[in-house]
Structure formats: C-alpha cells, structure tokens
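Taking it in order: structure first as structure tokens, then the write-up.
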Amino acid sequence: MGAPSALPLLLLLACSWAPGGANLSQDDSQPWTSDETVVAGGTVVLKCQVKDHEDSSLQWSNPAQQTLYFGEKRALRDNRIQLVSSTPHELSISISNVALADEGEYTCSIFTMPVRTAKSLVTVLGIPQKPIITGYKSSLREKETATLNCQSSGSKPAAQLTWRKGDQELHGDQTRIQEDPNGKTFTVSSSVSFQVTREDDGANIVCSVNHESLKGADRSTSQRIEVLYTPTAMIRPEPAHPREGQKLLLHCEGRGNPVPQQYVWVKEGSEPPLKMTQESALIFPFLNKSDSGTYGCTATSNMGSYTAYFTLNVNDPSPVPSSSSTYHAIIGGIVAFIVFLLLILLIFLGHYLIRHKGTYLTHEAKGSDDAPDADTAIINAEGGQSGGDDKKEYFI
C-alpha cells in the first residue's frame, strides 16, 4: 500500500519542477556561435550572439584563453584582429591573414550568474604548393618505360595528386602522405609508369594537385617528353599524273625522330643506285617512256631505315592543247567571225546593186553628151506604160 501512495507525490514534484526545466532548456542568456573554415592567408569572421544579455558584455578569447575583445574594447594588441560589430546582443570580430597557428577553439563568454560560454572551432586550410615532377632525364626510345615522380608540400589536410597525358588520364600509384616538420601540413607524392610510343613524342605529362583550399583552381606542372623512333617514308609525285615530255619530281617524305638525314633512290632492275643525297627529291627533267618502272626510296636516320616504293607509269603526251595553242585558236576564231560578217555584208550589197541596176544606168546617161536623147528615151519609156502595144524606140 505504501508504493501506490507515493506515486501522486512524485507526479506533484515533477509538475512543480517542469517550469524550471523549461527555462533551462530555453536559456535566453546562452550565447551561440558557429564553426568556421578559412584558407591560410584569408580572413575569418567570428560572430557571437545572445538574446538576453542581462546587462553584461560579450567577450571573445583565443585558444590560448587570451582575451581578444571585451565588448568594443580591444584587449590584445594584434592589428590582424578588428572589431566588426559590438551591440548588447552581438559581438563580431575579424582575423585577417590567418595563419595555421590561428587554428583552434575560440570562446565567446558572457559574464552572467553563472558565466555562460560558446565555442567556435576555426579550421585553417593549408594551401598545397605547385607540384614538382622529377624522374625524366633524357629522350626515350620507342617501347621503353617512362617513370615520373610528382610531389607537393604544404597542404592541410593532405592533398591528392592525379596524372594525365594530354587529355588522357594516367593511373599512377596511390598518393603517399608524409607530415611536414611543422606538424600541421603534409607533403604528398605519387609516381606513374607507362610504355612510350611514337605518338607520345612531344606529349605533355601533367601532374595536378586537388585540394579544397584551391576552390576548383588548377594547380599543376607538366613535363614534355621526347621519344626516338625509326623513320617512315612515302613517295609523292609532282605532277600526280605525269606524261611523256613533262618534268617530274618524286618527293620522298621521311618522318621520324630524329628526322631522316639520308635518302637513297633505286630503280628495280638497274644498278647502281640512282641517287644518294641529303635531299629527298628525285628529278626527271624530261620524262621518257623508258623512265616507267618501280622506284624505291630508303630514308635513313641513326634509329634505322625505311624503304618506300612507287610505280611510275609514263603516259602519252597530253592531248590537251597548250596555252599558246589555245591563244592561237581564240585569235583564229575571231578572224573567222570577222570574215563571216564581211561575206554577209558583200552578199547584201550585191543583192542591193542588182535590184537597182536600171536606175543607176539611167542617172549615168544623164551626165553624158547625148543627154537630150537620153531625156527623150526616158519620156518615151514613161509613155510606154500607157501606150498599149505600140512599138517604141529608145535611145540610150
């Protein structure tokens, strides 16, 4: 019976303490802050707020418990620390040119009864240095293995390293991490190995460092590599379709690293070699049918040799007229057209003269010594148009 009688008493005590408990959970005099992250060399703002200051001032102190500001009054002589805002409900300060040593817990206090505090954890990011690539000493031969090392110091937290060749990602080994002597930052390193090909000649191998302090900015170093490889060659004719009587150049286009320094021309079935020179062209000043055949060009460097072949077929002389023949044809066409026009004019002129021959002779007769007789002839001729069948005599 004793236990049930004690239950109402416990409930009564709980109800009597409830308001006090609610006040403690909603303490208007409790200040609040927030954690901050800043890059080394940057500026951080510490903000402390309180709802009920109880006629007391707010105070900021550093991890060493040195007072920085008490209200609007500076307490520590450090020009990097400046007052941003000071009101009964807020105290904000800024720290510029932040160093790694500034990292830690900063305390905001209000001197009420009891004293209330709030913590702000300041994290300082160490910026990684530009990476350094080592391991490349001299040019590599095709199919040899290249091994490069990359290293970057000063990052906090430790950075990550990545490799690429042009736009192609290279898979290096896992990033190695080593703590720097200051005990705060880290040195990271990575290596990459790959077999080189002739396509890698002149390629840039890039090592990049990735870190949150860079905020997406690129921080990388590149190493250009040189690859030595055997030459290749191809023969290009100029003109592309040679004909008998033309001038022909056969260009032997050699490629390689190093570039071929010697070219030897041969024709199948003929001895000795046609030409041995440092220049790559074989010249035919005047092509003949006998020049047809298969020609070989051997390009040589200190990495080796390569022979390219070309079959030459000399075609018959071009039926296409030369420029001078074309010019003469144009002149001949113009002359023929002019002659044709003159003939047309002569035909029309002859036809005109035939139709007007009588009139021409009559006028000519008027100018002679027998002009009276001529007039008589003209009159008689005119009268003859109405005289029927009478016989008329004319004097011309």
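Each residue, glycine too, has its Cβ placed from N, Cα and C.
Check Swiss-Prot against the ranges 141-172, 237-268, 365-396 and you find region 'Disordered' recorded for 365-396.
Cys48 is paired in Swiss-Prot with Cys108, the candidate among Cys15, Cys108 named as its disulfide partner. Around Cys297 (disulfide bond), the same-chain residues six or more apart in sequence whose CB sits under 8 Å from its CB are Ala233, Ile235, Leu250, Cys252, Tyr263, Val264, Trp265, Ser280, Leu282, Thr307, Ala308, Tyr309, Phe310, listed in sequence order. For the domain 'Ig-like C2-type 1' (128-226), the model's pLDDT averages out at 96. Ranked by Cα separation from Asn288 (N-linked glycosylation site), the disulfide-bonded residues Cys108, Cys150, Cys207 are led by Cys207.
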